[in-house]
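S.K.: One structure is given below, represented as structure tokens, and several questions about it will come after.
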Amino acid sequence: MTTNTVSRKVAWLRVVTLAVAAFIFNTTEFVPVGLLSDIAQSFHMQTAQVGIMLTIYAWVVALMSLPFMLMTSQVERRKLLICLFVVFIASHVLSFLSWSFTVLVISRIGVAFAHAIFWSITASLAIRMAPAGKRAQALSLIATGTALAMVLGLPLGRIVGQYFGWRMTFFAIGIGALITLLCLIKLLPLLPSEHSGSLKSLPLLFRRPALMSIYLLTVVVVTAHYTAYSYIEPFVQNIAGFSANFATALLLLLGGAGIIGSVIFGKLGNQYASALVSTAIALLLVCLALLLPAANSEIHLGVLSIFWGIAMMIIGLGMQVKVLALAPDATDVAMALFSGIFNIGIGAGALVGNQVSLHWSMSMIGYVGAVPAFAALIWSIIIFRRWPVTLEEQTQ
């Protein structure tokens with residue numbers, strides 16, 4: 001059975017289930033950002049020391065995305081999704097039971113393995129299962145699941161951690177994943193691998209300068225963002241001096257603003273993608289540079305978080321759309337590379353934030369993050385001038 005022979009309702013249910021899966025995967029990647037202080041207290045460690053967990057997770061995803069994608073390139077996609085969800089759930093049970101920080105890190109590596117495969121195949125699967133003529137909306141739905149992870153997943157995870165302990169946050173994510181797995185088993189048809197690409201795809205992709213430029217832009221701008229974002233929770237409490245509840249509200253506000261960014265990109269992205277991305281990077285630069293000055297006021301931090309969230313959603317959507325359009329003949333390989341590169345940026349940013357916090361001052365994370373943000377802005381202007389035709393139309 002294919003999406004051409006099923007009702008639109010069933011087709012949309014399949015896409016929605018994938019969007020829920022995207023929500024869960026993004027929630028578990030980002031939720032430690034809101035739990036660093038609690039985890040540190042539990043294991044009698046410094047918050048900055050616990051933050052290295054973010055870098056390890058991200059770099060495992062970066063390192064394994066392409067190898068795992070190639071290893072599973074011929075595996076039927078429904079079976080592959082079921083297997084990776086089993087690994088995902090088991091790893092969260094281990095997170096819940098972890099009796100030391102080392103065990104917690106090992107459990108997170110298991111989650112990262114599942115993550116590495118999931119994000120290399122999800123976008124192309126959403127396109128395949130979408131109703132006829134609704135591919136863009138299907139991708140938008142996946143993006144919405146991603147955004148909601150920031151809007152609801154991360155703050156809810158933090159709230160659960162505050163009141164029931166950080167272990168319950170990971171356990172709850174595992175339960176959500178189990179329910180999603182049951183839905184996937186019921187709804188998804190057999191999905192033979194299509195257009196997954198192979199090692200032969202790599203030289204072809206590497207010969208596409210527009211695509212390589214987008215990859216480079218991605219890693220630099222993501223590094224900038226995560227230098228500050230990885231430590232926003234302890235920054236709000238320890239540097240700004242505000243309450244844990246305000247830190248939760250700020251994460252909710254920043255994530256919610258991502259929905260606004262998604263709407264803006266949905267309206268203007270087809271015509272003005274390049275201009276939107278450059279503008280969003282400039283906005284990110286301003287937000288990072290003003291992070292410490294804004295720390296003297298809850299209102300100032302709140303307003304800054306809104307613009308920060310809008311900027312990052314536009315940047316993330318812009319990068320993903322361009323990668324998919326520039327590699328239609330090898331979507332899984334291109335997205336595996338994108339996922340890996342994105343996570344290199346996450347890991348690098350978290351590591352820079354970690355080192356700044358340990359050896360300088362956590363108050364400086366915004367200023368330090370602004371440096372690669374400025375470089376990303378200059379690079380975006382250069383590449384969008386170098387390819388004046390919209391990058392979506394560049395196929396080689």
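Including glycine, each Cβ sits where the backbone N, Cα and C put it.
Feature annotation from Swiss-Prot assigns topological domain 'Cytoplasmic' to 1-14, 71-80, 124-135, 191-208, 267-274, 320-332, 385-396; the stated evidence is sequence analysis. The feature transmembrane segment is assigned by Swiss-Prot to 15-35, 50-70, 81-101, 103-123, 136-156, 170-190, 209-229, 246-266, 275-295, 299-319, 333-353, 364-384, with sequence analysis given as support. Marked as topological domain 'Periplasmic' by Swiss-Prot on the basis of sequence analysis: 36-49, 157-169, 230-245, 354-363.
A description of the local structural setting of each listed feature is requested, covering burial, neighbours and distances.
M.R.: Same-chain residues lying 6 or more positions outside the transmembrane segment (15-35) and placing a CB less than 8 Å from one of its CB atoms are 53-54, 57-58, 81, 85, 88, 92, 108, 111, 114-115, 118-119, 122, 125-126, 129-130, 138, 141-142, 144-146, 148-150, 152-155, 157-158, 161, 166, 169-170, 173, 176-177, 180, 183-184, 187-188, 229-230, 232-233, 247-248, 251, 346.
Mean pLDDT, taken over the topological domain 'Periplasmic' (36-49), works out to 90 on the 0 to 100 scale.
Counting only same-chain residues 6+ beyond the ends of the topological domain 'Periplasmic' (157-169), those with a CB under 8 A from a CB of the stretch are 27, 31, 34-35, 38-39, 42, 95-98, 233, 244, 247-248, 251.
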S.K.: Looking only at the recorded stretches 136-156, 170-190, 209-229, 246-266, 364-384, which one has the largest tally of CB-CB distances under 8 Å to the transmembrane segment (275-295)?
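M.R.: Out of the listed stretches, 364-384 contacts the transmembrane segment (275-295) most.
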S.K.: So what's near the transmembrane segment (103-123) in sequence-distant terms, Cβ-Cβ under 8 Å and 6+ beyond its ends?
M.R.: 18, 21-22, 25, 28-29, 32, 39, 43, 53, 56-58, 60-61, 64-66, 68-69, 72, 77, 80-81, 84-85, 87-88, 90-92, 94-95, 97, 139, 142, 170, 196, 320, 324, 331-333, 335-336, 339-340
S.K.: Which range wins on Cβ pairs under 8 Å with the transmembrane segment (81-101): 50-70, 136-156, 170-190, 246-266?
M.R.: 170-190
S.K.: If you count every Cβ pair below 8 Å, which range out of 50-70, 170-190, 364-384 shares the most with the transmembrane segment (209-229)?
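M.R.: Between the stretches 50-70, 170-190, 364-384, 364-384 has the largest tally.
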S.K.: Same chain, outside the transmembrane segment (246-266) by at least 6, Cβ under 8 Å from its Cβ: which residues?
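M.R.: That would be 33-34, 140, 143-144, 147-155, 158-159, 162, 232-233, 236-237, 273, 276, 280, 298, 301-302, 305-314, 317-318.
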